[in-house]
Ligand SMILES: Nc1ncnc2c1ncn2[C@@H]1O[C@H](COP(=O)(O)OP(=O)(O)OP(=O)(O)O)[C@@H](O)[C@H]1O
């Protein structure tokens, strides 16, 4: 018997020698056009999966199944053959796998299961930024609207039309250009489509999560702030004048990045489109005025700079220009100018019924200003979502619902902050749900049928979840504890983490770090920087 432990092969005339144990076996019957369902591959390993996706992608087949999971590879170009008008009709009622892989098939399967089994369904859309989650979500929604739409003959727009038409409004305020995606959603979204007992759409609700607040005050090259700021600067002249705006490059919250104009996006056109979409979803003219007053107010707020005042350690607006911006903010926000100034340059500390007013230095006043801008913007976003929900209308008597979750994928940047910490925790939780759903339940099934399942391996991520959210003792619990102590700083908090988790295999203290720490997530290691924003105490840092 010959025991082979070295393999020799040629790759583009290059001789490669490798240990047999390091080489993945090739599917002997792999068709040149790949397979529609990965479970048909004899060997399901990473190179095999990637090769299959590539073969299909090269033929403009961007969708592939792995059993009832649909994998989509972003084509970055319109592929009309996939979304022709008759396609939805074709997928209606077809069993999963009968036709080519497609989001319509997933939506159809969810709809049928809801009707047949009379239980609500959820579709999870996950992937990293720019992968195509939002586009896929739109297709799922389109199909559900096609299947469950009410054929009303009245002038009034149907629920499904309103849901689809609310997208441009949400995108104007919740999307921005990032390194990876010109129209990146900077919030998570769960859209609930409610159905009556006959399977017709009777209501809907949009729930949003984790809007990226830091972007309002901090943008770096080649990214942009939220689209609505640039749109308003590019609005018709009378609006620009009304809100005292002008060139976006003159605003601190926009000019930290050199990226202002986008080839693929005409901000002035988008402004008019957003206004039209607002009309459609029932935001009246007076409300639209208020919304854009807030947007403009935030831009002026960002231009208020501070300098040392007459009293020691006290800040005041730096010059005439800053005073003018402050005055404009108070007019746009419709608040008293002096009270606004006081809220930025002073802090009120309440102790046992007594309140002490403390003057802030210029740097802390600037942080106060940014904290105010962030909180106002996120309240505006929440208000918009609420308004859209009222306009769409929920059905309190709905029998079932189909929820579509379009949420941020795992994030790992050069600098990661509390936002990445929360996003990655969400993804760990989703990953665990996926593991439980797909693997643990499959294993139970195999056990019941006495089939050998020992070859199925997966990494259980419970230990990472415990590290972050276990009560008591996890990172979040320790953070809560630290927040109760007025003398906590990010150094004392980091020290506590270093001591508590020094032997935890998912926690690393980077060499020379004093406040950073690394979490070893299922998708990779992420170093978190500056978890503790001690300078934003009055508005909290979440
Ligand atoms: N099926 C598709 N067909 C054509 N183009 C697509 C498709 N899916 C995605 N794209 C293109 O890729 C871009 C990014 O997709 P999308 O915004 O859906 O990504 P995402 O995963 O939601 O990203 P983020 O997490 O940053 O919001 C889209 O603007 C579109 O141009």
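From the backbone N, Cα and C atoms, a Cβ is placed for every residue, glycine too.
Residue 132 (ATP binding site) carries neither a helix nor a strand DSSP state and counts as coil. Close to residue 132 (ATP binding site) in the fold, though at least 6 residues off in sequence, lie 72, 73, 74, each with a CB less than 8 Å from its CB. If you look up TrEMBL, you'll see 127, 128, 129, 130, 131, 132, 133, 134 marked as ATP binding site.
Sequence annotations record features per position, and here TrEMBL assigns domain 'Myosin motor' to 33-542.
Other residues of the same chain near the ATP site, with their Cβ within 8 Å of the Cβ centroid of 127, 128, 129, 130, 131, 132, 133, 134, are 74, 181, 409.
When the binding-site residues 128, 130, 134 are checked against ligand 1, 130, 134 have a Cβ within less than 6 Å of one of its atoms. Each of the binding-site residues 129, 133 was ranked by the number of other C-beta atoms within 10 Å, and first place falls to 133. Around the Cβ of residue 130 (ATP binding site), a 10 Å sphere holds 17 further Cβ atoms from the protein chains shown.
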